[in-house]
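*Asks:* So Swiss-Prot lists these for the protein:
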REGION    1-379  region 'Disordered'
COMPBIAS  77-102  compositional bias 'Low complexity'
COMPBIAS  114-140  compositional bias 'Low complexity'
COMPBIAS  250-278  compositional bias 'Low complexity'
DOMAIN    462-629  domain 'tr-type G'
REGION    471-478  region 'G1'
BINDING   471-478, 517-521, 571-574  GTP binding site
REGION    496-500  region 'G2'
REGION    517-520  region 'G3'
REGION    571-574  region 'G4'
């Protein structure tokens, strides 16, 4: 493209040359576009020619900078030695030498740019001076060559062209400098890669030598085996010959020709002996020069031969297998491996992608195993299978892939995922199918070895007897124990009755006796049962003036169920109405035969108030213990039973335990029921801290994580992990039982709604907090017995300890009342209860608690409907009165009729209507009642179908409140 002035003179340095910027290898042409309304536009279209270079061609770097032509006579100013823009387009193909541009003669006009220089073709390498005539060929005009339309350039366009040429010159200088730096960097990179190739070749040579030594040793062993077994010798040799040569980028072994591979299949060699394979250093590709097509064809052919197993083919045909000559591959360095981004520049590089050494080694080992028919030996393991297990965990325990297990299940017709849970039976089938042995375990196995450990017979020593005092309420059990202990426990009990189970230890004639005091109230049945189970001897206290009572009979049954001997203590013999012989006779009805009546049960007449015959009672206890021959092993870990448990504000969870065997020390890790903890302190019945608790010794244990249930067994375990595992298992078991019990009682939502509609049962929600677990259990059992078909008490929450804010929140959510038994609420709980309107009631006697709850539950009962007969009246005549309706003229035949009473209309001895009287008149006056023998007028509410001869029955309905 060129521009002209108005006088058709070209603006350029040389008046004979047009100012152009022609791109090398690009042809330009003009295309005219047609638009609507007869408009047209000429568009310049550039066509880029692709030049394909042959391997024997020289690159165009040598002809990149031709000498400038001699100036023409008509133009004395020499052409500026401006570098061609086309030369800047190929800096990456080669590293040309940077030539300093010749100083150009300043142009007479500052706005005139330098003369354009076009890229010479390959045929233009000959100097222009050799053309015939000794003159340069006249260049065709641009307009003649391309047929473009010449337009006039403005001054701004000429300035833009000039600035573009100057920027092109600056860019060319910068690109040449960058090319020099790139060439230097590539040289350093090539040197580093060559060093790495040498190191890799050295390692491969060492690996080849090691493999060769192993192959020689294996071959010698096979030859020796073949000598001993002559028959399979031929097969062994054929297998050795058929084994392929190692593959990969390994250097050729010394002593072997690298290029003289014998022809396969008897084919003659073409082209004589093949040249030796180039070394790794020589095989490095030249930057900017593509790999020759012949070398590419050889490389591809060798790869195809490897894939087709050419070594095996040659071995089968009888030719000795020799390693093939493969085109060396460039080993990737660590930086190249880490550079995972695929770019155009990296993809166009001649360095091919190659496998790592580890991948090649694994590939060779796998190929060798496949050739030698070596299979990995199946390892059979003992797999521990719990009750439930996931497929993923089962696969890990068998060291199998979960995919293989899923495939096996799919063959069996079951679609499962690795996270699915299966039972122990299915897991056992899968493990046995995969060749493993199975060991079945259950969650309850965590408790194995805790209880029932056999004692060492040589370490057994005598232990004190454990005695439980049982009997009816107010028969003097606690008073008798106080007299023995020289203490006063009765004064500390609310209401003078025992509501806790207590354990004490006394000493008589140098021998210790452990006493367990149980409540006698009917609500404490479970306490008496626990006391009988944890004892050796049961003392049955019977008042001489009261004889045998219901709780006395219950205590006898508990002792017989526990299988413990009974000693009868006939108390209160100091009273005038005492009759010990009556007590002995009454005990005969319950199979208790005392010695004085010809039986084997010891009986002692005592008086706790006057302390009479207490020594005889203790002697009887020691005699019975001597007969039982009680022994225990104090050197083993401690086991026992929880007598009582409570939550103390200052000390936390406190459990009163009875050590049955072993010795308990501070610091031992204890598991009691679903709670565990480390023993922080041991306190005896006198409040003293002790260093150990031996067999048959009651102590208070501090340090448990929670409050256990009374009656739970405890044991000492080895570590905290074992204790935590046992406690979690028991908590989960208790939670599952509670859920099953609730779901079984409630059923589904529809069943619950139907049950409520049919039965109409009302609930009285309660939150119960007590001082000890035994009292809470007794209160819960007593409240359950109060329930009927219409109303029952629902225990929302129960626990040992004081009343807290969480209890108030729970009571608010469930609309329940809070009951505190021997506990109080803290200030925050009281404030929250006042704010929310929650009632808190405190009790210290179980009688009062049960009576109040019973009265409150009675208020929920629907009142009883009572019907009282008043009288009958006969309808004599029916009158129709305006604005009133039908009025019956009646005579009272029996009793009386009251206004507002309920009435029934009887016709032919059938009740056809039941309602109320609207009006009752005698003559024209309203009256309250009409006695028998008098006449009156009656009208019914919302009913007019009355006839003469019908009978009206009057009655009164009363609602009477009920109690439980």
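Note: Cβ is positioned from N, Cα and C throughout, glycine not excepted.
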*Asks:* Name the residues of the same chain, 6+ apart in sequence, whose Cβ is under 8 Å from the Cβ of residue 573 (GTP binding site)?
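*Replies:* 544, 580, 605, 606, 607, 612 - these are the non-local Cβ neighbours of residue 573 (GTP binding site), listed in sequence order.
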*Asks:* Taking 471, 474, 477, 518 as the binding-site residues to compare, which has the smallest set of other Cβ atoms within 10 Å?
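*Replies:* Looking at the binding-site residues 471, 474, 477, 518, the Cβ with the fewest others within 10 Å is that of 474.
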*Asks:* With DSSP as the reference, give the number of residues of the region 'G4' (571-574) in helix, strand and coil.
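*Replies:* In the region 'G4' (571-574), the DSSP-based counts are 0 helix, 1 strand, 3 coil.
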*Asks:* Mind tallying the region 'G1' (471-478) by DSSP state, helix then strand then coil?
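*Replies:* Helix (H, G, I), strand (E, B), coil: 2 helix, 1 strand, 5 coil.
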*Asks:* Give, as a single whole number between 0 and 100, the mean pLDDT over the domain 'tr-type G' (462-629).
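*Replies:* Mean pLDDT across the domain 'tr-type G' (462-629) comes out at 79.
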